[in-house]
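Take a look at the structure set out below.
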Amino acid sequence: MGGCEGSRWRLLDSEREETTSEPQAPLLEPQSAHWKNAVGFWLLGLCNNFSYVVMLSAAHDILRHERASGNQSHAVLLADILPTLIIKLLAPLGLHLLPYSPRVLVSGVCSAGSFILVAFSHSVAISLCGVVLASISSGLGEVTFLSLTAFYPRAVISWWSSGTGGAGLLGALSYLGLTQAGLSPQHTLLSMLGIPALLLASYFLLLTSPEPQDPGGEDEAETAARQPLIGSETSESKPGSSWNLSLQERWMVFKGLLCYIVPLVLVYFAEYFINQGLFELLFFRNTSLSHAQQYRWYQMLYQAGVFASRSSLRCFHIRFIWVLALLQCLNLAFLLADVLLTFLPSIYIVFLIILYEGLLGGAAYVNTFHNIALETSDQHREFAMAAACISDTLGISLSGVLALPLHDFLCQLP
């Protein structure tokens, strides 16, 4: 990767030309820039999802403390997914009106606000406001940072994805560990206000200035063997430039992305149908683990699988995402059959299946965005990454619509 000049955030949004009277900052060595960007995107992925995972766990604790009803628990899921869904639906249409730096600031402020609101909450309504702020932070952050990867080497997609996968494990473990160590939920949340600060520091201080990317490097042979998904322009682009596309061009790019969007929607639909509708019903009595402990093990193994596969892009690439969608749907069918017929003899078989479920979901996410980066032209890549963000959230939303009523129905069966 080429050298980078000056502070990254100032060059990103101002788009001002440097005058000759300004001193030139020393060029970074390629290896130094590579690691700054790699660590920067890993931390951005971690912080973007970490706050969301921790805050949502705390919100459920407060709802339990307030003796929330089942309808209020469903309201948490609604507040959790609706803001992100709206942001991602609107992202391909008008998010370009807000430059990158203000978007990151809004994301960081919403993340910090979610911690503060839930920490001092004494009512369900305030807790739900905290969930909404965390959802806004996570959704806006994902759209922003995935779009930003279009102006860095493609390796940063792997680092971003690995960070988001690590957030699931580290977020849940840190909240559980600190509360088990004796900290109150309020003090635990306030102690984590450093996470939004780390997100802002990673963006403004760690990332180098985005440069027009050379399609060569480790993906050169693979890129050369493929035709762009849409468009073949080779002109240099700057952050925000792809948003000058006409509506017709955007529609053409979006249609080209459907071969990745549809399979990823199916992967997340099946994945969260299992998580939301079946986890609590996969209960084994022939084990020393309580019902709650079994559920926590399911969640932990799922997050471990997601983290491992989101970090696997350097080991192998998967082009055909529809294969992962098919395998995840088979997972759903198999576990649903076991809930109805209870034919599996041991919980350890379910442990393996859930770990496998997480591996499929994480692999689908990282390979989808890697493939889009490979198969879109420079002019369209920023828009394509933002447009494809809707896939996981749409799949989760559709699964919630069906999984929650099915869960209630299955609970009523004799």
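Think of each number as a place in line: the chain as shown, counted from 1.
Cβ coordinates come from backbone N, Cα and C, glycine included.
Among the ranges 157-176, 297-316, the one that TrEMBL lists as transmembrane segment is 157-176. Counting Cβ pairs under 8 Å to the transmembrane segment (188-206), the stretch among 75-98, 104-121, 157-176, 252-274 with the most such contacts is 104-121. Residues of the same chain lying 6 or more positions beyond the ends of the transmembrane segment (157-176) and with a Cβ under 8 Å from any Cβ of it are 37-39, 41-54, 57-58, 142, 145-146, 149, 188, 192, 299-300, 303-304, 306-311, 313-314, 362, 365-366, 369-370, 373. Proximity of distant same-chain residues to the transmembrane segment (75-98), defined by a Cβ-Cβ separation under 8 Å and at least 6 residues beyond the stretch ends, is recorded for 56, 59-60, 63, 106, 124, 127-128, 131-132, 134-136, 138-140, 142-143, 240, 243, 250, 254, 276, 383, 386-387, 389-390, 393-394, 396-397, 400, 404.
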